[in-house]
């Protein structure tokens, strides 16, 4: 689950990290009231969306007067911001964050992620802050420094000092950086985060370190332990299909293709998408109905897939281990009868009660294409999608 910048900074402040006092505003009146409370004669206005690249898209701007604040809010509030990290529709803007401008001497980069290969938390830091870290890693990898956290002892101050030296910090900055490093590690573990990023972490003109930006992603699987974080969830920033799928315990991820996929099991779902790509097709989604799929869940899965107007064909690939293929078949028939599916549906059933499931599909007199192998299913789906365009 992603947090907005202002929510992330609230977390940072709770852990004693250096952040400015800002105000999140939902209308022009709140914004004009906020700048009266903020210090300085110019401020930063930041559109709050769950995506990076806001600055390059115009969603972050220095505003120097009440009129500029009014113009910025009028232009962006209620609109959608398209960045390099969003789709072509962009993300809706319902809130804008206002904070004082900072006098910056230098920009740094600091983040923490879970490294799957080492199964440890890894901190990454660079003297090239304010840039896309992927670009730094590609063009100047020697400027990206890493520290791995031992889960038995946690983050140690000496590790923070080592990073500080590599970043070229000196004097009191080293001690301050080490404190920031240790507190971020504590925050990461205690709040069950999967990603934490400060870009940029700046050195101010007074030589103090400051968290100018904040990005936090919470592990969805741990949200039950953090009702305070779950209450921060902004459903307007999420794909409505993914939110609806979550209600039915369906694992759904929207993609940009035209072949809808409904599969049981994450591994089989990924394999299905791979074989669609292998035959020249483009998956429209990842959808795992799970091992305990029921007729009702299959119906809802169909509804969710077909809310995507880009879908030109649907491939159903079910291996009946725990789940019974006849129940899946009944769900498919019920869904098509209820929704009125107009795109070709290719079905491959294998495993428990597969023959009975195929018989149910055959007796339905619906426009279903039943196949025996995954290769044939992919070929049929790709061809059907091309013919429907």
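Every residue, even glycine, has its Cβ placed from backbone N, Cα and C.
Source: prediction; values computed, not measured.
According to Swiss-Prot, the domain 'ATP-grasp' annotation covers 9-244.
Sequence annotations record features per position, and here Swiss-Prot assigns ATP binding site to 46, 53, 54, 55, 99, 102, 107. Sequence-distant contacts of residue 107 (ATP binding site), defined by Cβ-Cβ distance under 8 angstroms and a gap of at least six in the same chain, are 128, 129, 130, 200, 201, 202, 203, 212.
Taken from Swiss-Prot, the feature Mg(2+) binding site applies to 199, 213.
Summarising the annotation, Swiss-Prot assigns substrate binding site to 264, 321, 322, 323 and lists sequence analysis as the type of evidence. Around residue 264 (substrate binding site), taking its Cβ as the centre, 26 other Cβ atoms fall within 10 Å, counting all chains. Under the DSSP three-state reduction, residue 264 (substrate binding site) is assigned to coil, being neither helix nor strand.
Taken over all pairs of the listed ATP-binding residues (46, 53, 54, 55, 99, 102, 107), the Cα spread reaches a maximum of 20 Å, rounded to the nearest whole number. In this structure, the binding-site residues 102, 322, 323 were compared by how many other Cβ atoms lie within 10 Å of their Cβ, and the smallest count belongs to 322.
A gap of 46 Å separates the Cα atoms of residue 199 (Mg(2+) binding site) and residue 323 (substrate binding site). Of all the binding-site residues in the list 213, 264, 321, 322, the shortest Cα-Cα distance to residue 54 (ATP binding site) is found for 213. Neighbour density for residue 55 (ATP binding site): within 10 A of its CB lie 14 other CB atoms from the protein chains shown. Confidence across the domain 'ATP-grasp' (9-244), taken as the mean pLDDT and rounded to a whole number, stands at 94. The two recorded residues, residue 322 (substrate binding site) and residue 53 (ATP binding site), have Cα atoms 44 Å apart.
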